[in-house]
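Colleague: Handing you a structure now.
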Amino acid sequence: MATAVWAAARLLRGSAVLCARPRFGSPAHRRFSSGATYPNIPLSSPLPGVPKPIFATVDGQEKFETKVTTLDNGLRVASQNKFGQFCTVGILINSGSRYEAKYLSGIAHFLEKLAFSSTARFDSKDEILLTLEKHGGICDCQTSRDTTMYAVSADSKGLDTVVDLLADVVLHPRLTDEEIEMTRMAVQFELEDLNMRPDPEPLLTEMIHEAAFRENTVGLHRFCPVENIAKIDREVLHSYLKNYYTPDRMVLAGVGVEHEHLVECARKYLVGAEPAWGAPGTVDVDRSVAQYTGGIIKVERDMSNVSLGPTPIPELTHIMVGLESCSFLEDDFIPFAVLNMMMGGGGSFSAGGPGKGMFSRLYLNVLNRHHWMYNATSYHHSYEDTGLLCIHASADPRQVREMVEIITKEFILMGRTVDLVELERAKTQLMSMLMMNLESRPVIFEDVGRQVLATHSRKLPHELCTLIRNVKPEDIKRVASKMLRGKPAVAALGDLTDLPTYEHIQAALSSRNGHLPRSYRLFR
């Protein structure tokens, strides 16, 4: 027992000696309070004897240019170098729901769900994911009204594997009966989810496009209609793919890669490859130009029980009012983007903060003044041949008429005097949002791909910022006044008992003050 106590005491003494020694060299000389080594030196002055720090300079210019090469088969290869060991590479295709006029609506929706399934070289989606996993990669496919995008983010060292895989996924999908049946179920579930979701924004966006461009181009269904789910099969998909998945309608875009290496991979895997639907022959591409019609789409629905949790959500009626703006190829696109930011808006219970837009018009004039308004948000959708600026508002069904009048007044005010302070705030917020978004590699990839797909080149961020800075109050007034001369598009969802007629909404937007015409009832 005595031996054990003696050994423990010796061990503790040894530990104390070890702890007393400095772990890394000699202890630093530090003094505090009045005995400081550098007395009376304010924090704003550099310490004597300390090397001056060298800070990075910011000139607002991109360090790497966007390079574009067009191959012999018409495929465009675009790249933007970026620091880091990871890259984002993908294929963007000029296809989407706007090109389905001669087909069943919903093909693009099906292709989005079928992406990265079995191909000529890969037996299943799991095999594709395992291949990407070796390079730390993930994949995704998104379709919109005018673009389909297949993208992979992975280690830059695996660029060859990634481009090879993308080529196989895009050009050689198997589209087995089992996969198509699973896709039918996935589409059905997504449609059910859209109708049950408390946030109606995706559904309203679909409705406002249908109202604005009735049965043409961007007004065609973005989501597959229920009646078409069972009708879409491999033959229909191959017919669509043959016409729209051609090299001249594609861009291979990459961020964080060397341009020459990406071009080499494109030539190796995407030139001369025969797709699964056969050799390309005569194609039948829909080149229709969007025709804005205006109009109204109404969906009567009981919104009193959409809560998915224990906290009840109040019954609301949702209205979206829109007017035709311009395409992203026009010079007026930038003033419209600034106008949209100036309108801003959001939800009535959204937490504020710097850059949140709490001084935008829809907050100051609508949400702050009318406590019963639950939402007022401005959206701007722009395409290669048209655009749509709209305001989404939500309120209790009993106050629908008043809500619509408030929105029509805000549209009228767009064409009136623009305050310089609010304009500068909107321009600054738009530029900061642009630059912050472009700090993300996948966002840069999408920006490069979409711009090159539409214009064969890319405007760099500092060029866009210059255009934003040059927007004047008269530009906002001019584009707003031109927009207000068109017919409105209206989408309404919920209890629509007190919804004004389309003719009354159109009259309010044509008036000087935005007031709805009085409605008279013989019986109350």
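A Cβ is built for glycine as well, from the same backbone N, Cα and C atoms used for every other residue.
Since we're looking at a predicted model, the values are computed, not measured.
Not my notes, these are from Swiss-Prot:
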{"type": "TRANSIT", "residues": "1-33", "note": "transit peptide"}
{"type": "MOD_RES", "residues": "K63", "note": "N6-succinyllysine"}
{"type": "MOD_RES", "residues": "K298", "note": "N6-acetyllysine"}
Colleague: Relative to the Cβ position of K63 (N6-succinyllysine), how many further Cβ atoms are located within 10 Å?
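Modeller: Looking across every protein chain shown, the total is 8.
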Colleague: Distance between K63 (N6-succinyllysine) and the residue listed as 'N6-acetyllysine' at the Cα atoms, whole Å?
Modeller: 50
Colleague: Per DSSP, to which secondary structure element type does the residue listed as 'N6-acetyllysine' belong, with helix, strand and coil as the options?
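Modeller: DSSP assigns the residue listed as 'N6-acetyllysine' to strand.
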Colleague: Using Cβ atoms only, which residues of the same chain lie under 8 Å from K298 (N6-acetyllysine) while being at least 6 residues apart in sequence?
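Modeller: Long-range Cβ contacts: A491, A492, L493, L496, L499.
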